[in-house]
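Down below is the structure, laid out as structure tokens.
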């Protein structure tokens with residue numbers, strides 16, 4: 001459909017990794033394994049936080065939310081990536097592109113806020129253990145989780161709605177998904193309003209939550225160093241270390257994508273970072289938490305034991 005000096009595209013072509021046809025099969029296998037592992041790992045974490053009564057605490061409520069976000073985030077883009085890696089026609093319709101863009105932004109933005117909330121939860125648990133159950137009661141935790149979701153979903157809606165109104169002078173997206181920065185590179189003219197919205201949202205969801213995380217961990221570290229019991233110190237380091245590892249991986253990748261000078265030569269690097277950010281990080285989250293957390297490992301063993309026992313009874 002023709003407009004004034006621009007076209008409203010009904011279909012987009014995703015360039016993806018078509019410049020490297022020899023790597024597409026390798027990337028397909030890599031992405032498929034990562035995606036299936038993400039689904040299995042995060043679904044297991046959600047399941048054990050629901051079924052195990054010992055995990056009915058704020059930390060595991062937030063961890064369950066994080067796992068659900070990771071499933072939604074990867075499911076928004078990876079299935080399309082897998083199909084396109086094996087297809088000669090790497091296309092996506094406008095509505096599919098819009099949904100993909102929104103879900104990726106919404107889940108990513110929500111996770112940025114939730115990681116800061118989880119840092120505050122660890123701060124209260126370690127620095128104010130006697131008042132923890134009062135400060136982090138069910139109502140407060142539910143509100144914190146809700147604020148994370150609402151903030152992420154509303155900022156994503158704002159960015160997506162404005163991005164989709166910008167006239168585009170092409171329909172070849174130099175990416176494997178409808179990533180907002182890649183789509184905006186097709187804009188016929190630079191939009192000051194869109195650039196301002198992107199900058200404000202990026203600052204709101206990246207440096208500010210990171211600052212809150214850093215402040216929380218400064219207090220946490222000072223408290224841990226004053227713990228005289230070696231067992232208590234190791235337990236505190238274990239739970240905080242898992243969260244801090246996830247924070248560094250997630251915010252590091254996000255900052256390298258959204259708060260750096262734009263460059264036409266950096267698109268190849270952006271695609272690699274985006275692949276790691278969108279596929280590898282969600283897969284690693286449950287592994288990091290389960291490997292470094294005795295309660296999670298015990299709950300997983302208990303769940304596997306029940307499944308094994310059930311299968312044994314069925315065979316008898």
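Including glycine, each Cβ sits where the backbone N, Cα and C put it.
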Range annotated as transmembrane segment - as stated in Swiss-Prot, picked from 166-186, 271-291: 271-291
Membrane-side pairing of residue 49 with residue 270, Swiss-Prot annotation: no
Long-range neighbours of the topological domain 'Cytoplasmic' (221-238), counting only residues six or more past its ends (CB under 8 A): 126-127, 292-294
Residue distribution over DSSP helix, strand and coil in the topological domain 'Cytoplasmic' (42-65): 21 helix, 0 strand, 3 coil
Cβ contacts under 8 Å made by the topological domain 'Extracellular' (87-97) with residues that lie 6+ beyond its boundaries: 9-16, 18, 80, 178, 183
Criterion met for the transmembrane segment (271-291) and the transmembrane segment (66-86) (at least three Cβ pairs under 8 Å): yes
